[in-house]
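**Student:** Right, I'll just put the structure down here and ask away after.
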Amino acid sequence: MERNSKPQTVKEILQWAVIFLGRDKRLEAELLLAQVLNFSRAKLLAYPEKVLNQDELHKFVERVNLRKDGEPLQYILGTEDFMGLDFKVTENVLIPRSDTEIMVEKVIENVDKTKSIRILDLCTGSGAIAVSLAKYLPLSKITAVDISAEALDVARFNARANEVDGQINFCQSDLFKDLDPEMKFEIIVSNPPYITSREMTELPKDVQKEPHLALWGGLDGLDFYRRIAKNSPEFIIPGGELFLEIGYKQALEVSSFLQTSGFKSIEVIKDWNQLDRVVYGKY
């Protein structure tokens, strides 16, 4: 876009952005412009004739160009909503997905909320699962683990921002490797990397921008499930519960791993699209 041809009002520049990004991206354009102007989306739409200054125009066009190049919207905005809470997201963490809320809600549903409970969150990433569980289970004590120091920095920020940092102990570890073997948990929960090597080459452009460390689950996508199933019995109490988010084709294999490790009452929970999304087992 030439500098002297830039639209000058909210209405005009949104029209340009929709043409540039595609008609299905109007909401994204509105969110990007609302952030630049420090407006709510409702306020933005209430002032279509507001004239933008050159600095605001530059910032908006810069963001639109990033989105056109495949940068995820959430990375540009720097935030994402999960379980009704606001989370900072950066290129160092997987963007929280609404499908994962199903697993979090199931944990909350299963827990006796009158008792203190110890929860282990493996592959915590942005901390979305750990922070949400801490927020909605105020008596819980959570250990949140990730191999990435950069991801843990983001998770700690989110715990502070949502005022639950006193409930969560963050630990840099490759799954269970650096955990105290004396630690025992009532619940272990994880959304581990589960994309296969073949699927990694076929991911949408914006998903490819997310950290491969948080996506790739080995040749068949099942490496982390094998390890979690094998080592969980060391860290879970008798009667403890394990919740694992899965790819929609992985329920049979992951259920088998849990059964081999001594888990009972194995259940597959579907997402809102009726696809297999969570495998549950009781030890």
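The backbone N, Cα and C atoms fix where each Cβ goes, and this holds for glycine too.
Annotations for this protein, taken from TrEMBL, read as follows:
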{"type": "DOMAIN", "residues": "12-78", "note": "domain 'Release factor glutamine methyltransferase N-terminal'"}
{"type": "DOMAIN", "residues": "108-199", "note": "domain 'Methyltransferase small'"}
{"type": "BINDING", "residues": "Asp146, Asn191", "note": "S-adenosyl-L-methionine binding site"}
{"type": "BINDING", "residues": "Asn191, Pro192, Pro193, Tyr194", "note": "substrate binding site"}
**Student:** How do the residues of the domain 'Release factor glutamine methyltransferase N-terminal' (12-78) split into helix, strand and coil according to DSSP?
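**Tutor:** The domain 'Release factor glutamine methyltransferase N-terminal' (12-78) comes out at 51 helix, 1 strand, 15 coil.
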**Student:** Could you check what DSSP calls Tyr194 (substrate binding site) once collapsed to helix, strand or coil?
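**Tutor:** The three-state answer is coil.
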**Student:** Apart from Asn191, Pro192, Pro193, Tyr194, which residues in this chain have a Cβ no more than 8 Å from the mean position of the Cβ atoms of those residues at the substrate site?
**Tutor:** Cys123, Ser190, Ala214, Leu215, Gly217, Phe224, Glu245
**Student:** When a 10 Å sphere is centred on the Cβ of Tyr194 (substrate binding site), how many other Cβ atoms does it contain?
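**Tutor:** Excluding its own Cβ, Tyr194 (substrate binding site) sees 24 Cβ atoms within 10 Å.
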**Student:** Can you tell me the three-state DSSP label for Asp146 (S-adenosyl-L-methionine binding site)?
**Tutor:** strand
**Student:** Looking only at the domain 'Methyltransferase small' (108-199), what are its DSSP counts of helix, strand and coil residues?
**Tutor:** 31 helix, 25 strand, 36 coil
**Student:** Between Pro192 (substrate binding site) and Asp146 (S-adenosyl-L-methionine binding site), what is the CA-CA distance rounded to a whole number of Å?
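**Tutor:** Between the alpha carbons of Pro192 (substrate binding site) and Asp146 (S-adenosyl-L-methionine binding site) there are 10 Å.
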**Student:** In this predicted model, what is the average pLDDT of the domain 'Methyltransferase small' (108-199)?
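**Tutor:** Per the prediction, mean pLDDT sits at 97 for the domain 'Methyltransferase small' (108-199).
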**Student:** Would you mind listing, in sequence order, the residues at least six apart from Asn191 (S-adenosyl-L-methionine binding site) in the same chain with a Cβ closer than 8 Å to its Cβ?
**Tutor:** Thr100, Met103, Cys123, Gly125, Ile129, Leu244, Glu245
**Student:** Tell me which residues of the chain lie with their Cβ under 8 angstroms from that of Pro193 (substrate binding site), as long as they are six or more apart in sequence?
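**Tutor:** Counting only residues 6 or more apart in sequence, the Cβ neighbours of Pro193 (substrate binding site) under 8 Å are Cys123, Leu213, Ala214, Leu215, Trp216, Gly217, Gly221, Asp223, Phe224.
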